Amino acid sequence: MTKFALVGDVGGTNARLALCDLASGEISRAKTYSGLDYPSLEAVVRVYLEEHQVTVNEGCIAIACPITGDWVAMTNHTWAFSIAEMKRNLGFAHLEIINDFTAVSMAIPMLKAEHLIQFGGSAPVAGKPIAVYGAGTGLGVAHLVHVDKRWVSLPGEGGHVDFAPNSEEEGIILEELRAELGHVSAERVLSGPGLVNLYRAIVKSDGRLPENLQPREVTERALADSCTDCRRALSLFCVIMGRFGGNLALTLGTFGGVYIAGGIVPRFLEFFKASGFRGGFEDKGRFKAYVQDIPVYLIVHDNPGLLGSGAHLRQTLGQVL
């Protein structure tokens, strides 16, 4: 008889829940709930289990915030809870709450060829470290290493490292944003809001007033070629994505590959393919040759967070992935 566990992927707006076959890792019966409609994550879980008339004893839920102990307070939502209390209230034997990019990193060993698009480099080297990053509401970062037949995710807050410009244009962007924000992290330019920051800085550096645009509007105008400033912003976004990915590759020697997740890049895939992304990735001066063969992949799986939550739980329960 198939045994299922609950898996989840929770962001600032939505909570996506599903069932994971503990034997195969297959994800099924995924459903998305608006976080605004429920007082707590526990309430959403109860509704999901009731709707699907299923009883589970284990669960793993990925959340877009740092997980440092039993108390979880979401940074972009009002939900806050004790993991131990939620586990007890739901009657679970095992409940894991993990960082969203821990889940995305754990999905990587589960992905098939059709879930990936490669951008340069050669084949990944088995057993070598892996990096994953992705722009969305923020900039998530994690690494993945294989140790003693187990995958170990190394999450952190890498999106908040300093933005490091490497061209005259990028230097001007930094000056504009520093005057407005003080500290300028990579997330300030590599995210949905970051794309708007790039657009605004480009316009302001030319002594003009920027329009009050949303990220989607910047992208749409860039792709329609109806706004030169938006197109410059999107082009710069792609190059800086490359630089940042190259930095991750250098930091941990990620010859196992660098993976891009998140919802932004797939919206302008053809533009991204023709952009300066790979050039930015390899623009490492004396260490260009070091990163040239490292492959970069865009993850195009629909639910890597759910897939990775299931993989994390299965490994925690003793399976070899």
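Each Cβ is built from the backbone N, Cα and C atoms, and glycine gets one as well.
According to Swiss-Prot, the protein has these features:
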- G8, D9, V10, G11, G12, T13: ATP binding site (BINDING)
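This view paints the features noted in Swiss-Prot onto the structure.
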residue : record           : Cβ within 10 Å
G8      : ATP binding site : 24
D9      : ATP binding site : 25
V10     : ATP binding site : 26
G11     : ATP binding site : 21
G12     : ATP binding site : 16
T13     : ATP binding site : 13
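The record gives G8, D9, V10, G11, G12, T13 for ATP. Within 8 Å of the mean position of their Cβ atoms, the other Cβ atoms in that chain belong to N14, A15, R16, G35, I63, A64, D100.
In three-state terms derived from DSSP, G11 (ATP binding site) belongs to neither a helical nor a strand segment and is classed as coil.
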